[in-house]
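Sequence annotations record features per position, and here TrEMBL assigns repeat 'TPR' to 30-63, 67-100, 190-223. Residues or ranges marked as domain 'Outer membrane lipoprotein BamD-like' by TrEMBL: 36-160.
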Amino acid sequence: LCYYQLEYYREAIDIWEKLSNTYKEHPIAIDALCKVADTYFRAQEYNKAIVVYQKIIKNYPKSQSVKDARLRIGQSYYNAMDDEKAIAEFQGFIDAFPDDPKASDALSAIEASLYRQERKLLAAGDKEGNSTAAIINMLRGFITKYPKSKLASEMQFHLAQKYFELEQYAQAVEEFSRIAINYSDSKYMADSQYLLGESLYELKRYEETIAVYQRLIQNFPSHESIPVALFHLGTSFYNLERLEEAIKTYQGLAQNYLNSEYTSAALFNIALCYKKMGKLDETINAYRTFCQKYPDDDMTTKVLMELATICRKQGNFQEAIKTLTDLSNKVHDESKMEIIYNTAECYLAMKDKEKAKLEYLKLKNMTPKGNSWRLTALAKLGEGYEEQEQWQKAIEVYEDIVKNTGKPEWKKAVSERIKLLKEALK
């Protein structure tokens with residue numbers, strides 16, 4: 001023991017081996033063998049340690065030291081970087097002593113071995129995807145070899161997740177489904193149901209998506225994925241034209257998850273559902289609710305434009321103009337031109353040509369000069385000048401069009417009109 005503590009391992013081993021050989025039937029023999037094996041282990045001579053641990057198991061099968069020996073063999077293989085043999089030994093320990101407190105240590109060691117294998121494969125970094133294929137084969141091999149292992153459900157989830165990350169959704173569906181069939185009490189059940197739903201959603205298998213998400217919401221109402229599950233559930237209903245169910249689902253998301261990143265999109269989609277159903281008043285109310293709750297959202301511009309379009313279709317031009325004005329105040333890029341043009345069109349529909357003209361003139365002074373809304377407004381402005389027999393002003397705006405349009409057919413038609421007007425002025 002003194003030699004051992006002083007790290008004179010060779011001397012310590014010699015003495016313990018003599019003891020074990022001399023007193024084979026005495027309890028001291030197994031203690032001596034354990035010391036020999038542990039010394040080899042401490043000296044990092046793992047192959048020699050394994051031989052001695054195996055000798056203990058063979059010669060003293062009823063000894064309490066057998067458990068430690070089996071565990072140490074696994075640890076020796078692990079330290080020697082032989083993960084396959086380490087996994088086999090640790091799993092053998094768990095199978096033989098499932099209720100032993102150290103079984104959890106063996107389970108953790110298997111997990112460490114598996115993830116080390118994966119890291120090795122990823123480190124290869126080959127572009128052909130061989131490392132990913134090898135990881136999949138490694139995971140599948142473990143599940144096949146140890147289907148009743150406590151780690152099997154985790155490896156099954158990890159395997160399914162790999163296919164999901166690779167966007168191989170059909171295969172992911174198969175693998176996630178196996179968790180529900182084979183490992184229904186797994187801690188990964190909720191996550192697997194969510195990703196199963198996502199895989200089906202990506203495959204546009206909406207009926208199946210609905211069934212999976214409804215089970216997820218019912219069985220795991222507090223799971224972190226519920227907001228996105230509700231959103232995709234609603235969208236699945238929408239894609240199947242089950243619009244009332246879509247609205248109800250989106251409303252549930254908006255009411256119960258106020259701070260979710262999906263809530264604004266859910267409110268927007270409620271309006272789309274009503275619009276598809278031809279319920280324009282409900283559509284308007286839904287859009288207004290969206291704008292009130294999310295005035296600075298990136299989608300607000302689109303919502304206000306949709307709202308203005310519906311108001312125009314209903315003949316409610318004053319409301320359309322009010323909405324377009326609100327929208328114009330929010331926009332500071334080229335899209336502002338479309339808003340101003342539509343405002344002018346509302347005034348025209350109300351027979352207020354002077355106010356329409358003022359909007360068109362705003363566009364005349366804006367850039368880029370080749371913007372299609374600007375050029376269309378100039379064409380309308382030119383027509384108005386012609387009606388008022390203001391020929392020179394009409395020619396000026398038409399020349400602006402010719403100068404800035406990129407469309408040959410426009411240039412040709414407007415040039416001909418300019419020619420006619422100039423001849424009329426002679």
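Cβ atoms are placed via backbone N, Cα and C, with glycine included.
If one looks beyond the repeat 'TPR' (190-223) by at least 6 residues along the same chain, the residues whose Cβ comes under 8 Å of a Cβ in the stretch are 157, 160-161, 164, 167, 169-170, 172-173, 176-177, 179-180, 229-230, 232-233, 235-237, 239-240. Counting same-chain residues at least six beyond the ends of the repeat 'TPR' (67-100), those with a Cβ under 8 angstroms from any Cβ of the stretch are 34, 37-38, 41, 44, 46-47, 49-50, 53-54, 56-57, 106-107, 109-110, 112-114, 116-117, 142, 146, 149-150. Each residue in the repeat 'TPR' (30-63) gets a DSSP state, and the totals come to 27 helix, 0 strand, 7 coil.
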